[in-house]
Amino acid sequence: MTVISRVVAREIIDSRGNPTVEVDVELRDGSLGRAAVPSGASTGAREAVELRDGDPTRFHGKGVRRAVDAVNERIADAVTGLDAEDQAAVDATMTELDGTDTKSNLGANAILGVSLATAKAAATAHRLPLYRYVGGVDARLLPVPMMNIVNGGAHADNPLDFQEFMIAPIGAGSFAEAVRMGSEVFHTLRRSLLAAGHSVNVGDEGGFAPDLRTAEEALEFVVRAVEETGYKPGTDITLVMDPATSEFFRDGVYDYTGEGVRRTPAEHADYLAELVDRYPVASIEDPMAEDDHEGWRDLTARLGDRCQLTGDDVFCTNETLLRAGIRDGIANSILVKVNQIGTLTETLATVTAAHRAGYTVVMSHRSGETEDTTIADLAVATGCGQIKTGSLSRSDRTAKYNQLVRIEEELGDRARYAGREALGLRR
Ligand SMILES: O=C(O)[C@@H](CO)OP(=O)(O)O
Ligand SMILES: [Mg+2]
C-alpha cells in the first residue's frame with residue numbers, strides 16, 4: 001500500500017523571505033509525506049543546481065516556479081505508481097529523468113522535495129517515526145548540537161570574516177541538557193555583548209552579529225560567556241568554527257577584508273593553528289577553500305590529529321568528491337546537507353562512505369531554512385552524532401532542536417547522547 005498516488009509541489013517562503021519548494025507525496029493508503037527544501041547563501045561551486053526562475057518581476061528573480069512546475073508536470077508522472085518504500089528506485093527515476101550530473105534540468109530543489117517527502121510518506125504508512133524508518137532499530141544516538149551563536153561572513157552584515165562561531169555542549173548528559181546549556185550560554189552572551197555596547201541583532205542563522213572584526217574577539221566573547229554561565233570551555237562545551245573560507249579565498253590568498261589582512265595559504269594555516277592552540281576549538285569546517293586542495297592537505301596533516309576538520313564546500317555531500325578527498329588526505333570529517341546533492345539515497349550513500357573511511361559526519365541545515373525538521377531525524381537515523389542547525393533564537397533553527405528533544409523523549413531509556421566521542425575527540 002505504499003504506492004505513490006499523488007505528488008504536488010508549491011512555492012512557499014523560507015527563513016530569509018525567499019521562495020522555496022514544498023512537496024506533498026500521497027500514497028494509495030492515504031499516507032502523506034511533506035517536505036520543504038532549504039537553500040544556501042555561501043554555496044559550494046560543485047553543489048547540485050537549485051533551479052531559480054530569474055524572472056525579475058517575481059521575488060526579484062528568485063522564484064521557484066520552474067522547479068514547482070518540474071515536480072507537478074514531469075516528476076509527478078514519473079514517480080506516480082512507484083513504491084515509496086523503494087527510495088532508491090524513486091530517486092534513480094528522478095535522476096534519470098533529469099539526465100544531468102548536477103540536476104540542473106529538473107532542479108535539485110524539485111528532486112529533493114519529492115525525495116524527502118517520499119521517505120516521510122513511507123514512514124507514515126508504516127506508522128514509524130522518520131528516524132526509525134530510515135535508521136532502523138539502532139537509530140537511537142542523539143547528536144551533539146553545534147549551536148551557532150555568532151554570525152559573520154555571508155550570513156551577516158558585520159565585518160567578521162568568519163561565518164560561524166558555534167558552541168557544542170559535549171559534556172551534556174542528554175540532548176535536552178545540551179539544549180539547556182546552549183540556551184543559557186546564548187543568553188549570557190547576549191548580556192555581555194550588550195554590556196560591551198554591541199548590537200544583539202541576529203544573522204541568518206540566529207546567532208548574534210556584533211560589530212567585531214577578528215575571530216579572536218568573537219572567540220573571547222564566546223569563551224567568556226561559557227565560563228560566566230558556569231561551564232568549563234573544552235570540557236563541558238567546546239568551540240566550533242565555520243570560517244567558510246571559499247568566500248574569501250581570492251587569487252590564491254585568503255583575503256580577510258573585515259580585518260584588513262591578506263594571508264597566504266601558509267599564513268592562514270598558521271593562523272588557524274594558533275587559534276586552535278589558544279582556544280578550545282575542537283572542530284573547524286571549511287578551514288581551507290574548496291579550490292585550495294594543497295592547503296587542505298597540508299592543514300589536515302598538521303591539525304587533523306587534534307581537531308575535527310570538516311569538509312563542506314570541498315565535498316558538497318557528493319560521494320565522488322568525498323572519495324577523492326579521502327584518497328588525497330583532505331579533511332577528517334564531512335558536513336552533510338541534503339540539498340547539496342539532491343536525493344536522500346545519495347545523501348545516505350555519502351554518509352556510509354564517510355563512516356567506512358573513518359570520517360566523522362555532521363548533519364547540517366542551510367542558512368535558508370523552513371519549519372521542516374527532516375535533518376533532525378536524519379541525524380538520528382544515520383547515527384552520525386553531530387548536527388549543525390543554527391542558534392537558539394529563530395523557529396527555523398529551534399524546530400530542529402525541538403524535534404530532537406521529542407525524539408529523545410520518545411526513545412526513553414534507549415536514547416544515548418553522542419557526547420565528546422562524536423567529534424573524534426580523544427583528548
Ligand atoms: O556554510 C554553511 O555551512 C551553511 C550552513 O551554515 O551556510 P549556507 O547554507 O549559506 O551554505
Ligand atoms: Mg559551511
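Think of each number as a place in line: the chain as shown, counted from 1.
For all residues, glycine too, the Cβ spot is worked out from N, Cα and C.
In TrEMBL, annotation is done automatically, which means it is predicted and not curated.
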Additional site residue, Gln163, Gln403 [criterion: listed by TrEMBL with Lys337, Arg366, Ser367, Lys388 for (2R)-2-phosphoglycerate]: Gln163
Site co-member for Mg(2+) according to TrEMBL, given Asp242, Glu285, out of Asp211, Asp312, Asp313: Asp312
Distance-selected recorded positions near ligand 2 (C-beta under 6 Å), from Glu205, Asp312, Lys337, Arg366, Ser367, Lys388: Asp312
Inter-residue C-alpha distance, Lys337 (active site, proton acceptor) and Asp312 (Mg(2+) binding site) (nearest angstrom): 9
Residue among recorded positions Glu205, Asp242, Glu285, Asp312 with Cα closest to the Cα of Gln163 ((2R)-2-phosphoglycerate binding site): Asp242
Fewest other C-beta atoms within 10 angstroms, as judged across Gln163, Ser367, which are the binding-site residues: Ser367
Helix, strand and coil counts within the domain 'Enolase N-terminal' (4-134) (DSSP): 53 helix, 26 strand, 52 coil
Recorded positions clustered about Arg366 ((2R)-2-phosphoglycerate binding site) [Cα within 10 Å; pool: Glu205, Asp242, Glu285, Asp312]: Glu205
